[in-house]
Structure formats: structure tokens, C-alpha cells
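Below is one structure, written out as C-alpha cells; the observations come after it.
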């Protein structure tokens, strides 16, 4: 064999092993949530009080609904289309919102709608982030009730031990054990498929459910509960949004390949196997997943299920951290301390406030609902709400960004909207039955995010009212030049045409200016990352005054000193011991001025007081920072 052929073969093998590695990684991170849905979906359908009979027509009808829901919602909508709506490789409701906002830029009202829709989607995701760990781990531990009599009272304590332990280790990171997530989940899906084949062999007639006629016939024979049952079958779709949210880690192709080659076949086989078990014994509907397993495999499946649900919960928690970082960068959430838990993976982060809030919510859910069957009632609202928001934002992308022809875009969008609206409507009655929790959590988080965003806008407007134009200030410095001291002073400001308040206060009290005065503005872009050649803009005004604008993406850490060192301008010296950073810290005073309701102004003042300041957020050196305070009425 020639050297060229050998190198080509090695390259091919390298690409092949890399592709397989990405697929395995995607299975471990992206598919944990939807992969653990078989633990509770069919159980909820048949014992959740919907009135579905565990007979031949009922089982085949439900299986057909689940199968075609997986095909349309996950395979067609998410894997084939939504994954293509990446924001420079990043996905998720925040990234999609930023993408749609750029596309809707010429239309003010549409842009406002996109912002509000993105905030609602993000708020519902946080509610989902609490429910997923609770219902997944509870459903896994409940398998012990099948294996051993009298363990019902131990289900909740065991689930709490697992969940609290999971949240406690977040601060230390999961880099070391994270490499096992993919192989464990591959083993999990292999077990799902094997159990499914075991069940289908006993009742091959369940394969008839692939015919959509059974789903249509089910609606026809159950006119009273046909739509309501969608509220239970949607549990099979939980985690579909995670495929899109985690796209930045693996890319579209590995996620799509993992779905079609492993995850979808394993899920379909397992659901059909559970259906076969119910056809053989209607009593198996009380927990068809575990009763599908042979007796000798029950305890191993409980152990594997617990591992799989922990991995699924970890993926959701990590997703909440990532979403929070994006929201902070886009200006929707107060600044928090972000801790990196891995020196190799930039995306592995820890946000203490989010972690403890999620833990409290999860513990309250487990204590309040006590079983996966009870908790299933609260699950669908957040899931279908987020799916509906994604469809609405996708409509903007299809129209304004992809510019599909109307004859193609309108029918496709209408079908997506109709399906998601049907699922969402089917879950609305759950608000009364226990589904109020994610709705309340979503409302609270939406109020917090919208109040912070609006409060920041009002704060900038109030500061602008008393601002001095930069050109006037520089002209006055030429007429009456103050004493200049050595070094570089960097003043952070949101305005590019006005004098920062910190500069005016410093000049008023100290009567001096540095040799070099830099007015620095940080701009957070709607894209995930900014290339080095677009990182900064520099403008020299003369007399030692400079304007610098730094650009950061919503997936980047805004390190100002590191960015300024790349500012190649001979006149500027940003050496650490010659540079002083001046910050302005505002204290907000609620007033009767037109802006927000007084209670929202008070809430914003509280959030601003407890938010991390610019010092930590921008990685400024502690011994080179001077903060100057000012009071502002909003």
C-alpha cells in the first residue's frame, strides 16, 4: 500500500472515530431527558385518570400517537429543521431569540414580540429544569417497589438522597465522570431496545401501531378524551428542546445521527415492548417499564435507570447554567459569579445561585408530589410551552432569515403551530391538577428577567438626562486644562457620546486627569462569539482622550484587561501597574416618575444591590479599581 493511501486510510479512520465519539457524547448529554421518558409515559397514560382502557384498541391507539409524535415533533421539527437554525453553531431558546431578534430588526413590534417570547421560553425552561430531575429520579427509584414489597415509604427519601447529592457535587464539576455519561447512556438505550424486542416478540401485533390509522381511530373512538390524552403522550417528547439547546457542544450532524441510528429505534422498540406487556397482562399498566423486564433483570434495570436519570438531570442542570450565562450576557439577568469547573472545557461552568435555587425547587417538588405519577401532571405545561415558543420564533427565522417562499413557509409553519398548540391546549387543564408549579415558576422568573431588562433601560435613560456631551467636555479641557498625572485611566460607560459620571466625579473631587483617558464601552452581541478582528474599535480624540469599544458574544467571558492588551495602538499603554479602572456604582431610588410600577422599581433596586458588580464580571484587578457612587431616581 502506498504512503498516500496509508495516510488517507488513517485520516478516514480518524474522522470515523471522531464522528463516533461525538455521537456517543451527544447521546450522553442531549438524550438523557427524552431517553428516560419510557420510565413513566405509558404508566401515566393508563393510570393517570384519563379513562384509557388497557385493551387492544387502546394500547395500539396510544402507541400510534406516541410513535407519530416522535416522528413529527422530534424527527421532523427539531432534528431536521430546528437544528438548522443555529446562531453561529449555538442553539437553545436564548440563542434562537437572539437570531430571530436580528432577523426582525426592521420591524419594531415584531422585535418586541421576539424578546418577550424568548423570555417566556427561558422562564419555562427553568421550570422544566426543576421538574425533570424530580420526576426522572423518582420514577427510577420506584422500580424498587416492584422488586421488594413494603419499600413504598423509602422511595421519597432515596430519591432525595440521590438528588441532593447531585446538586452538592456541582461545585466540583463533573469533568472526570462526564466521560462516562456517553457510554452509560449508550448502554441504557441498548437495554431499552433489548427489552423492547423481548416484549415485541411475545406480541408482534403491536407493530401495527406504526400505521397512523390507529391514532386516527383512537381519536374517533374516544371523542371525550382524545385531545386530553395528548397531555400524557407528550411526556414521550420531554427533552426534545435539549437536542437544540446542546447543539453548541456537538454540532448538528452528530446529534441527528445519534437520534436516527440509536435513540429513536430504541425508544420506539421500548414503547412497543411495554405495549406488548400490557396486551399480555392489563395489570402491567401500573408500571409497564419495569414489568417488561424479566425477573432476573429487574434490579440491574433499577440501578441502570437511576444512573440514566442522574445523567439526564445533570444535563438539564448544566443547561440551566448555560442558559443563565447567555441571559446575563444579553442583559436579561443580573450578573452572577460564574465558576469554571474544568480547565479544558469552556462550557463546563457552575453558578451557585442557580444551583441552590434549582435544588430547593426539586426538593419541594419531591416532597409535595411524592410520586412520579403525581408529578407527571405538572410536567407537560412547561414542555409544551417551550415547544410552542420555539415554533413561533422559528416562524420569524423562516420568514425573515431563511426567506422561504410563502407557498412553502406558511403551510409548514401552520402545521407546526397547530400541532404544538394542540399539545399545549391538552396540557392547560393540568394547571388545576398540579401543573401550576411550572407556570408560577415561569411567571416569577419572567417578571424578574423583564424587570431587570426594563430597569437597566430606565437607569441608562435617567443617567443620560444629566449627561454632558463628550465633544463639549473635551473642548472645555482644552480651554482650562487640569493637572495631568502619569498613567492610563479607563472609565467604563454605556454611552459612546457622553462623559461617564465617574469621570466627572473624579475630576470634581480630585481636580486631576490621567495622561491617557480611555472611555470604554462593552457591547454584548447577539452572536455567540466575536472574531478577534472585530473585538475592538479605537478612536483617538486628541489631548490624551480615546474611545474604545469592546465587543463580546453571549457565550464569551468578558475579560477587559486581556482584551485591552490586544489593543494595538502605540499611544495607549495598558500595562497593569499603569492602568487604573474607574467604575460607577448606582444606587436606585424608586420614585413616582413614569417608568415602572413602584413594586417593580423596588424589585429592580433589590436586584441591582445584590448583583455582582463590574469588578468581578469584567475580571478587573482588585488593586487597580476605584468605584464612585451615585444615586439615581427611576
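A Cβ is built for glycine as well, from the same backbone N, Cα and C atoms used for every other residue.
Between the listed ranges 379-399, 463-483, 484-504, Swiss-Prot ties the annotation transmembrane segment to 379-399.
In this chain, the transmembrane segment (19-39) lies close to the transmembrane segment (177-197): three or more C-beta pairs between them fall below 8 angstroms, excluding pairs fewer than 6 positions apart. The recorded stretches the transmembrane segment (62-82) and the transmembrane segment (150-170) do not share 3+ CB pairs below 8 A when only pairs 6 or more apart in sequence are counted, and are therefore not in contact. Of the two recorded stretches, the transmembrane segment (291-311) lies close to the transmembrane segment (177-197), with three or more CB pairs under 8 Å once pairs fewer than 6 apart in sequence are set aside. Only residues 6 or more beyond the boundaries of the transmembrane segment (113-133), in the same chain, are considered here, and those with a CB under 8 A from a CB of the stretch are 33, 93-94, 96-98, 100-101, 104, 163, 166, 238-239, 241, 245, 309, 312-313, 316-317, 319-320, 323, 327, 332, 358, 361-362, 365, 375, 378-379, 382-383, 385-386, 389-390, 392-393, 396, 437-439, 441-446, 449-450, 453. Remote same-chain residues near the transmembrane segment (225-245) are listed as 30-35, 37-38, 40-41, 44-45, 48, 50-52, 62, 65-66, 69-70, 73-74, 78-79, 82-83, 91-93, 96, 125, 128, 132, 218-219, 255, 259, 267, 271, 312, 315-316, 319, 322-323, 376, 379-380, 383-384, 386-387, 390, 422-423, 425-427, 429-430 (criterion: CB distance under 8 Å, separation of at least six residues from the stretch ends). When each of 150-170, 379-399, 406-426 is checked for Cβ pairs under 8 Å to the transmembrane segment (349-369), 150-170 comes out on top. Outside the transmembrane segment (379-399), and at least 6 residues removed from its termini, the chain residues within Cβ reach (under 8 Å) are 73, 77, 81-82, 85, 93, 96-97, 99-100, 103-104, 110, 114, 117-118, 120-121, 124-125, 127-128, 131, 135, 231-232, 234-235, 237-238, 240-241, 244, 409, 412-413, 416-417, 420-421, 423-424, 426-428, 430-431, 435, 438-439, 442.
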